[in-house]
Structures are given as C-alpha cells and as structure tokens.
Amino acid sequence: MWLELILASVLGFVIYWFVSRDKEETLPLEDGWWGPGSKPSAKEDESIRPFKVETSDEEIKDLHQRIDRFRASPPLEGSRFHYGFNSSYLKKVVSFWRNEFDWRKQVEILNQYPHFKTKIEGLDIHFIHVKPPQLPSGRTPKPLLMVHGWPGSFYEFYKIIPLLTDPKTHGLSDEHVFEVICPSIPGYGFSEASSKKGLNSVATARIFYKLMSRLGFQKFYIQGGDWGSLICTNIAQMVPNHVKGLHLNMSFISRNIYSLTPLLGQRFGRFLGYTEKDLELLYPFKEKVFYNIMRESGYLHIQATKPDTVGCALNDSPVGLAAYILEKFSTWTKSEYRELEDGGLERKFSLEDLLTNIMIYWTTGTIVSSQRFYKENLGQGVMVHRHEGMKVFVPTGYSAFPSEILHAPEKWVKVKYPKLISYSYMERGGHFAAFEEPKLLAQDIRKFVSLAELQ
C-alpha cells in the first residue's frame, strides 16, 4: 500500500511537471491553394452563392442498376457482426434501398435548410447556414460552427439544428438561440476535393475560419466530434481570440502522459483522480481499450496509408460503400452491437437517415477524397505535427458519451484543454452524438455556453 502511494506521488509530480511546462502559443494563420494548377494572380471570387441538392432520373437509374447487380457472400454461421457487416442483414438493407427508399424525397429534406457555396483557397466549399426563425426581443443569435467527421456528413446535424435555432418551439429554454453553420470538409459531400497533397485538419481549420470571417462573424462558438473535434481544436489553436468557446464530443489526445496512466491498473486510477465512472468505462483495460481499438481501427490503417486502393472498389459499388460505412454506425454507436445479427443499426437510426448519408457520398463520388483525409493527417505518423503538442486556451466543454470508441476522462481532457469549464458524463450515446442523441448534445452545448458567457 505504501509503495503504491509513493509511486503514485512520484507519478503525480511527473505529470504536474509535464502539464505545467507548456506555454501558450498559437498556430500560424497562413495561406494555401488547393485548386488545380498554380494559384492565379487574380483575386479569388469571394461571393457566396446559393446551392441546391439535385438529382435526376439518370442518377437514380444508375444506382438501381448497380444495386441489382449486388453479389452477396454468405456469412459464417453465428458470426453476427464480428466479421464486419453481416451479408444476411445487408440483403434487407439493399431491398429497402432498391424498393422503398425515395431519394427524391430525401433531396427535398436536405434542401429544407439553406445551402451555399463559396471559393476558399481554390476550392468550392459547401455549407448550410440556418438562422433562427424567431428571437426574444432585443437578443441576437450566437453563431455556432458545427463540423462533422468520417464517415458522416453535414446531414448528421439535421435533427439538432432546430433544437439550437428554435429551442422554444421544441420545449427548450430560449436563453441561448444559435445561428448554425455546418460546412462540409473539403473532399466530403458537396465540398470540392483538393487537387494537391497535404490538405489536413490545420488547412481545413484555416478554411473554415475564413468561411466564418467571410460570413461576418468575428467571434463565434465551435463544436465537433470525430475529425470535427480536431478541426475545431485547430481553429481554437489558430485564432483563439475569435473563438468564444469550443465544445467537443470526442478528443484527439496525444503527447499526454495522463493517457498512459490506465496501464498502471485500476487501483492507481483511483490515486490519480479518476472517477468511478471513468474506471467503469476504462476497465478491464485490455478489453475496453486495447482490444476494442484493435477491432475498430483496421479501416484507419488502410485509409492512412493507401486510401485510393480501397476507394476504387467503394466508389464503384453502392452496396459495398453502404456496407463499409454502415458497419461504423453499428459498432461505433455501441460496441456490443457486434453481437447482434443486424448490428443494432435500427435501434438508434432509421434506414432512411442512414442511406441518406450514404447517398451524399455516393452521388458526389467523394468516398476516395474523404478517405484521403486520413492519409493527410496520419500518413507521417502521430505526434509529428506541431498542433498535437499544443494546448488550447479557450473556454472548452466536453460531452463524454459512454459508448464512444475510447473514453477520455476529465483528467486527460484538461491537460490538452486547460480552460475546460464543463465536462459531462452523458446518459447514453456513442460516436455519432448529434445524429444519435441530438437532444442530449443540444442540452450540453447550451449548458456549456451558459458557463462560457460568464468567462
């Protein structure tokens, strides 16, 4: 017992030294050109153009012809979702897609919010911009940039947007009313893909900051999960004076000695300040962290090394694309869903919503360019980029959803984000928080903003 206390004290001192030695710094606000060829000498067109999602008979006919040629491989007996997407259940998804899914209707739903495009650093950047339909007298909306990840899209935010822009209508307090901007990451959906290597999270952060500046916002809130959390973190590192607050539902934590402490075992976790909830979500460590990450990260290695190879198959087969993406909406929502024949997909999502997200990738042909984002960010390894070792000095809030792929205790998060003012253990939910639990996430964003406004 005494030896454990001494070791914990020594480790605590090492952590304190490691945490306190970093200085406040910012990422440089540089410039870039990601369009084809050399950057033209003429000034870039900064106009903001309305945009509508469209489809055609030819597009739908081609989709149906490809679906009709789907060739299934029978699953192993009792394999459920342990080998990936179960092809027996995939047949049900394909039948629904071919015979019941109405893409024209979903296009109308996509167009319920105003879409726009604007040129930034040589790329046509797509975004939706939703203003409040009503405001309390004398109040102005709070601008909020929300950034998606992979394999999601701007569509992930469609159910949370009205809770933020029109809270009173949906039974929520109108103390905070938001004006929401949801861009598509370059190379995702309707945002143009880069013609050049190197467009990573930092470049995307700069592009999105320029977007907010072009829209006239000098100070704003930002929110993200998955890649969106890293992009938003980079924005806060780049222009902290323009960010009123940063809210995350996932964190990229590297160069953080605290993230190694669970290896010391559950008893040391208590000495180091982990809560009972942290211990529940981290242990047994081998199963809940090590094995789970090993099971769920195969795609990451492929996409961080040779994304174009697997992309060729996915860009040619809509059913292959659906299986590849929808498998993530199963096990990333709850790892236990791999025990189910249908992967638990319809427990939290409708097939219409899931296939709408797939169609955004399919109709734009952006699965390859979206996968390249892994190569640009991880292709050189981890802990090689400047931003990975930098702290974030803006007010930060964090929603810890219990079924996230890797739980990040408050102790970990606070090392990277010293101004963490709100950390919430969420009641339920996994990786796709806005898509799965929009009300819970909206409530936590509002709670965080209430605290951030007091800073």
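Yeah, the Cβs are placed from backbone N, Cα and C, and that goes for glycine too.
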Worksheet item: For which of K105, K219, K288, K439 does Swiss-Prot record the feature N6-acetyllysine?
Response: K439
Practice prompt. Rank the recorded positions R295, H431, K439 by the number of other Cβ atoms within 10 Å of each Cβ and report the first-ranked residue.
Written response: H431
Worksheet entry | Top Cα neighbour of Y374 (active site, proton donor) in the set of recorded positions D226, R295, H431, K439 | D226
Worksheet entry | Alpha-carbon spacing, H431 (active site, proton acceptor) to K439 (N6-acetyllysine), which is rounded to whole Å | 15
Worksheet item: Can you tell me how far the Cα of R295 (dimethylated arginine) sits from the Cα of D226 (active site, nucleophile), in Å?
Response: 18
